[in-house]
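Colleague: First the structure, then my questions, so here it is.
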Amino acid sequence: MLLLFVFLASLFLISTQETLMKNDSLSLSFPLTSLPHSPQTSPNFYSSFISQTRKTPAHKSAASSSSPFNYRSRFKYSMILLVSLPIGTPPQSQQMILDTGSQLSWIQCHKNVHRKPPPRTVFDPSLSSSFSVLPCNHPLCKPRIPDFTLPTSCDLNRLCHYSYFYADGTLAEGNLVREKITFSTSQSTPPLILGCAEDTSDDKGILGMNLGRLSFASQAKITKFSYCVPTRQARPGFTPTGSFYLGENPNSARFQYISLLTFPQSQQMPNLDPLAHTVALQGIRIGNKKLNIPVSAFRAGPSGAGQSMIDSGSEFTYLVDEAYNKVREEVVRRVGPKLKKGYVYGGVSDMCFDGKAMEIGRLIGNMVFEFEKGVEIVIEKERVLAAVGGGVHCVGIGRSEMLGAASNIIGNFHQQNLWVEFDIANRRVGFGKADCSRSV
């Protein structure tokens, strides 16, 4: 799938090069920024599922393709969550999009020896003493690695080449490499498997944080991480900044937790992502009205359709038709005459409006996502609508079937001013209200 983002990050990490860290009381922090990545022509969707149905394109030779990385898609990048991490030895600061919905982490690499100096924000492997490229005979270059379906092949230099399809069809490709994250002279990760991509249109990579064994969290043995997404305040010269933690979060005493749902690796269903952070969404309220959506719409059925997940890499929230139609029905009941007729934003959302967003938001009321144990995500009426450009505002929800993914995906738009903690060791997710631009 494909989507984007940036934050204030706090990191809990490693004390040696062999393991990230065994002292759970330690944490490190980095700024995390919420940033528009491109003109807002449609919601971003940069994560969650790798398309299993698409055929891997034939690998082009170096001579036939100057830019093997293809970013082009009808789902344009807009709001992304970005964190800068120190990659390599000595470290080079690299901007990476925080994505809890995908596995492979990758960075943009500079490999063109004829182009000097390299772009300042792109990683230069020649400057790092800890960088190495995976050869073709590495086990990861063999097909059908358990729980890692990344298509790999040999390139013309006998190096391991990967091709990664996201749900909207966007292709990421490059070489698999080993590199460490160096936080200080005494703190670094062991060498991690990363993607090393060449692309002339962007300098940002992806920090894959799903449950896969080759995600950044899994490889670095991080048992807990959290982030706080700031609100989108469009003030000139102001960049909203939140927080990102690896390890213990000093605010966690007030978090409310829900269980992560897990699926056996042997459970093969075409619409299921077994490595996503899946939760038991129970229902949706608008104002004080509980919508008549059966709980089964939020659960993975026999084909895997209906799975509900938390995804930092998706901008909008996406719902299966059974749930989306009920949300739209209630929105129409409350503000139908104000709908922008015949308008569908990004091909996924037809709940859009011209006019005063605050007034329309008040008419719609608060929106609430309900979970087990009374835990809720409350989207206050002032933030129900997303500005999408040209004076148009849309309810930040799209139809997931338009992405080719029959799932319920809670995106970063509905995670504003909210601590979200992924406690992987205890298989749970925590939520806590916050002013994310002031949280530390």
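Think of each number as a place in line: the chain as shown, counted from 1.
Cβ atoms here come from the backbone N, Cα and C positions, even for glycine.
Bear in mind that TrEMBL entries carry predicted annotations, made automatically and left uncurated.
Annotations per TrEMBL:
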| type | residues | note |
| --- | --- | --- |
| SIGNAL | 1-16 | signal peptide |
| DOMAIN | 81-432 | domain 'Peptidase A1' |
| ACT_SITE | D99 | active site |
| ACT_SITE | D311 | active site |
Colleague: So which one is it: of the active-site residues D99, D311, which has the fewest other Cβ atoms within 10 Å?
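Modeller: Counting other Cβ atoms within 10 Å of each of the active-site residues D99, D311 gives the minimum at D311.
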Colleague: Express the predicted model's confidence over the domain 'Peptidase A1' (81-432) as a mean pLDDT, rounded to an integer.
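Modeller: Its mean pLDDT is 89.
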Colleague: How many whole Å apart are the CA atoms of D311 (active site) and D99 (active site)?
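Modeller: Pair distance, Cα basis, whole Å: 7 Å.
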